[in-house]
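Below: one structure, written as structure tokens.
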Amino acid sequence: MAESFGQLYVGDLSHDITETELYSFFNSFGKIVKIAIIRKEDGLVPSSAYAFITFDNMTSAQLARSEANGKKLKNRNIFVMLYSKDIHKNEQANIFVKNLPSHLTVSEFEKLFQSFGNVISSKISFDINGESRGYGFVQFATPDQADRAVEASGRLVIGDHKLTIDKFTPKSQRTRNSVNNVYVRGFSDNFREEDLQHSFEIFGKITSKIIMRDAQGNSRLFGFVCFEDPETAANAVREMNGKENAQFGFTWFVSQFMNKNERLYLNKKKYAELQEQWKKRNLIVSGLPSHLNEDQLKKLFSEYGPVESLKIVTADNFRIADTLVLEKKSTGKAFVCFQHEADADNALAKLQHMKVNDSEIKVKRWMPKNEILKIINRNKFFVPPPMMMPPPPPYMKPQGQMMGRGRGYPGQFGQNRFPQNNQMYPPRQQFQGQRPNYQPRQTNQMSGQEQKPRYQPRDQALRQPVQVKQEAPIIQPVLFNYELYKAADPVHKKQMIGEAIYTELNPIFGQFTGKITGMLIEIGEPEILQILGDKSKLKAKANEALEVLKQHLGIN
């Protein structure tokens with residue numbers, strides 16, 4: 001039953017994790033029916049990922065959560081919890097625990113708090129090297145269980161570590177105490193803390209200042225200045241940002257201090273704005289001759305307007321000379337960004353299919369990665385009733401229908417075109433000799449003599465539609481329980497479709513199956529049900545998705 005599925009949320013994964021690696025790691029806990037990976041991109045290089053893993057029963061999912069939470073996968077301590085839509089609604093049931101010893105495991109951490117109530121999830125924060133940061137989180141089933149744990153703050157001791165326990169505060173409710181802190185950069189490596197003090201003390205009292213340095217003591221060329229008054233800090237930002245320092249010969253960059261999440265949000269916002277501009281001014285060129293260099297390409301496109309930047313895409317190529325030589329070779333693809341949108345439009349119109357040294361080039365607009373995936377939905381199919389059975393081959397005769405002059409052939413004029421009671425007509429190769437349910441009238445009963453049908457069309461052209469030697473194509477639907485699907489809720493409907501697609505495509509597409517499945521299930525319910533009715537259509541659509549995926553990944 002659909003209700004028996006168990007779904008896990010798996011967080012803190014390596015950004016390059018694959019479905020195959022997740023399957024290998026979790027397969028020992030039970031049968032997996034679906035894996036979906038979501039990578040965090042924030043407009044920058046993705047640093048992590050999370051996934052949803054669906055088991056065919058809740059017991060396997062609970063076992064996986066208990067055994068795998070906090071374990072290492074690709075050198076990352078992963079976070080595993082049972083997933084439900086209401087999991088984050090009760091924030092009052094969460095607690096924050098600090099002063100944890102570095103050797104404490106997640107399993108030990110969770111057992112420590114099970115005496116206060118039913119633990120839904122637990123997590124210790126680890127840095128990029130897998131070292132504990134000394135704090136963690138526990139979510140209970142109810143707020144009163146969390147309250148009991150908070151009351152034990154200062155009484156729980158592990159070795160010489162006395163644990164501090166507080167109610168968890170969401171980020172949206174936390175007070176920001178960094179408005180008097182200023183981030184500065186632009187100076188050279190001979191700039192000292194004393195110089196920093198002298199440059200900013202004119203705005204007000206400074207409580208602390210620092211220039212960040214590496215392990216060898218060398219300046220990392222940025223620092224922080226903390227003022228006593230927030231208004232003083234804001235004034236320093238207004239006055240100093242972009243100002244020239246004549247003594248040391250550099251330009252200041254000064255901004256209000258932002259934590260990591262604030263910086264990522266700001267970078268994401270700026271990147272989204274840049275993407276909208278790039279979509280208007282950036283072109284992709286393919287089919288370029290391999291010997292064409294960037295100077296020659298710029299000369300070609302500069303005829304249509306000033307070029308802001310361009311890049312020819314290259315790939316590693318091994319060449320055998322006296323030794324094996326690794327060199328960069330053009331893939332025939334390039335990116336060209338104009339300064340003005342009108343120039344890009346002009347080049348797009350005039351350079352399409354132009355020949356460059358006997359190579360016909362193709363020019364199209366650049367698209368962000370997330371929009372490339374949407375082209376899988378461009379080809380829409382006619383949608384018949386769900387799971388419609390294929391029409392019978394011309395040699396089959398529906399029950400109770402006579403064949404002969406003036407009666408038409410099976411399926412003609414809409415008569416009993418589809419089989420009754422959900423029974424599919426068997427393929428032709430199962431029958432030997434005579435056609436089923438059809439007894440031709442015999443003109444001679446003697447053994448060994450040919451038996452002939454009663455009716456023989458006089459016109460040779462009429463004989464073709466009833467020739468039994470011509471096999472009709474047999475449509476093979478994907479194995480899929482439509483009755484169970486209709487009774488399922490929307491979440492499990494998507495899981496069932498994904499399971500059917502993954503099972504059918506995995507022997508063909510291997511490591512790409514998970515990504516292709518994820519792309520196909522986004523097509524939409526009516527279209528994907530129609531595709532499931534015909535394996536050949538599913539394979540064709542999967543091949544289309546694979547081409548888009550290869551283009552996205554830069555794979556030839």
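Including glycine, each Cβ sits where the backbone N, Cα and C put it.
Just so it is clear, the model here is predicted, and its values are computed rather than measured.
As given in TrEMBL:
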DOMAIN    6-85  domain 'RRM'
DOMAIN    93-170  domain 'RRM'
DOMAIN    180-271  domain 'RRM'
DOMAIN    281-368  domain 'RRM'
REGION    405-457  region 'Disordered'
COMPBIAS  413-450  compositional bias 'Polar residues'
DOMAIN    477-554  domain 'PABC'
Please list, for the domain 'RRM' (6-85), how many residues fall into helix, strand and coil according to DSSP.
22 helix, 31 strand, 27 coil
Using DSSP, tally how many residues of the domain 'RRM' (93-170) sit in helix, strand and coil.
21 helix, 30 strand, 27 coil
Best-contacting stretch, by C-beta pairs under 8 Å, relative to the domain 'RRM' (180-271) and drawn from 6-85, 281-368, 477-554:
6-85
Within the domain 'PABC' (477-554), count helix residues (DSSP H, G, I), strand residues (E, B) and coil residues, in that order.
64 helix, 0 strand, 14 coil
In the domain 'RRM' (180-271), how many residues does DSSP assign to helix, to strand and to coil?
34 helix, 30 strand, 28 coil
Summarise the domain 'RRM' (281-368) by DSSP state, stating how many residues are helix, strand and coil.
22 helix, 42 strand, 24 coil
In this predicted model, what is the average pLDDT of the domain 'PABC' (477-554)?
79
